[in-house]
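> So TrEMBL says this about it:
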- 42-293: domain 'G-protein coupled receptors family 1 profile' (DOMAIN)
- 24-50: transmembrane segment (TRANSMEM)
- 62-88: transmembrane segment (TRANSMEM)
- 100-121: transmembrane segment (TRANSMEM)
- 142-164: transmembrane segment (TRANSMEM)
- 197-222: transmembrane segment (TRANSMEM)
- 243-264: transmembrane segment (TRANSMEM)
- 276-295: transmembrane segment (TRANSMEM)
Amino acid sequence: WEFNGSFYQPSAFLMMGIPGLEALHPWISIPFCALYLTALLGNCVILFIIGKTPSLHEPMYYFLSMLAVTDLGLALCTLPTTLGLFWFNVRRIGFDACLAQMYFIHILSFIESSVLLAMAFDRFIAISHPLRHAAILTKTTVLKIGLAIVLRGMVSLLPIPFLLKRLTYCGKTELSHSFCFHPDIMNLACADIKVNVFYGMIILLSTVGMDFVFIVLSYILIIRTVVSLTTKEECLKALNTCVSHICAVLVFFIPMIGLSMIHRFGKNVPPLVNTLVAYTYLIIPPALNPVIYSIKSTHIREALLRALCRKRG
């Protein structure tokens, strides 16, 4: 412990695996390894295919590339501590290292939320104004949107580590997960955390909350446009281009909202439920997104098959 008058700050936190199943951690690590491997390989393949296929150099696939990079970052942020705990029972993480991991996890989560909103906007333009799609979403515009997304995440979350460093900690130093999460660290403090709670809620609602609202509005407008189409075949074709994105939105937002609610209001929720929701939120989307897009996107599937055929040849 570092002591400075009445100010206490732990030198490290202790991470938790899956409560009640500590003896089975080596076995539990097998599905986690499979998910991490799927996330790393799947997103790298998506990036490789888009980069090597000129016909995929379109706004939809540029945003998909951003999503793949974000998912790679999320997987790499939690992989060392999660597998380190499951394989070698390494529970200790330094205070500053924990804050750094927390900062990047939250930044990447916010970026993923914003990228999903940008993809919803892309689908709305492509379906509602197909002739103006290329003129509206040029390469420069897509690049500017990407930079704005990254800057918004970095700037909005910059105060969080400093708000945590100013707190006095005492008693428990055990985190609820095998990674660092803002509400989890905040709840270990024995000081007034009203500023942290208020700022966290404001940032969450003004970024991820607003992203979700605008995604829903985008799909309301998309459905209005689709309904006005003349034939059933055109309706189905237009909606089919949105299936992958809708799946990605549900896979990301449902566990994220659930985890936020549990940390803020679920005091009586069993620890096992909290842990499973947290892992679902951070590990499942990076692993599932490349699978979803590879299965549902005809262009990516065909480009992948062509690449495999060239290698065999």
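Glycine is no exception: its Cβ is also placed from the backbone N, Cα and C atoms.
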> Between the transmembrane segment (100-121) and the transmembrane segment (24-50), are there three or more C-beta pairs closer than 8 Å, counting only pairs 6 or more apart along the chain?
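Contact absent: fewer than 3 Cβ pairs fall under 8 Å.
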> Can you tell me the mean pLDDT for the domain 'G-protein coupled receptors family 1 profile' (42-293)?
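Reported value for the domain 'G-protein coupled receptors family 1 profile' (42-293) is a mean pLDDT of 91.
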